[in-house]
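Beneath this line is the structure, given in structure tokens, with notes to follow.
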Amino acid sequence: MKTLLLTLVMVTIMCLDLGYTLTCYKGYHDTVVCKPHETICYEYFIPATHGNVITTRGCSTSCPGGIRPVCCSTDLCNN
């Protein structure tokens, strides 16, 4: 009985994701799971032609530069 219990505990530990990974938006609807060292979600705007802007989103290790950067550190916060 102890062997069965120990086996179940070991299988459970191996199946669990013991590390936390951040999830950020990459596009308007697409999401990406960040690498373990990337702890920031960002969103910033790049000027384009005719007064339009290009929105860039993703994961980073620090808040990037850009026009009006928005940086945060919780899941899907860069929307």
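Placement of Cβ uses the backbone N, Cα and C atoms for every residue, glycine included.
Remember, predicted model here, so these are calculated numbers, not experimental data.
Out of C15, C59, C63, the record in Swiss-Prot bonds C34 through a disulfide to C59.
In Swiss-Prot, C63 is paired through a disulphide bond with C71, chosen from C71, C72. Using Cα positions, the member of the disulfide-bonded residues C24, C34, C41, C59, C77 nearest to C71 (disulfide bond) is identified as C41. C24 (disulfide bond) has C34, C59, C77 nearby among the disulfide-bonded residues C34, C59, C63, C77, counting only those with a Cα within 10 angstroms of its own Cα. Cβ contacts within 10 Å of C59 (disulfide bond), excluding its own Cβ and spanning all protein chains shown: 21. Each residue contributes its Cα atom, and for C59 (disulfide bond) and C77 (disulfide bond) these two points are 11 Å apart. Distance noted between the C-alpha atoms of C41 (disulfide bond) and C72 (disulfide bond) is 5 Å.
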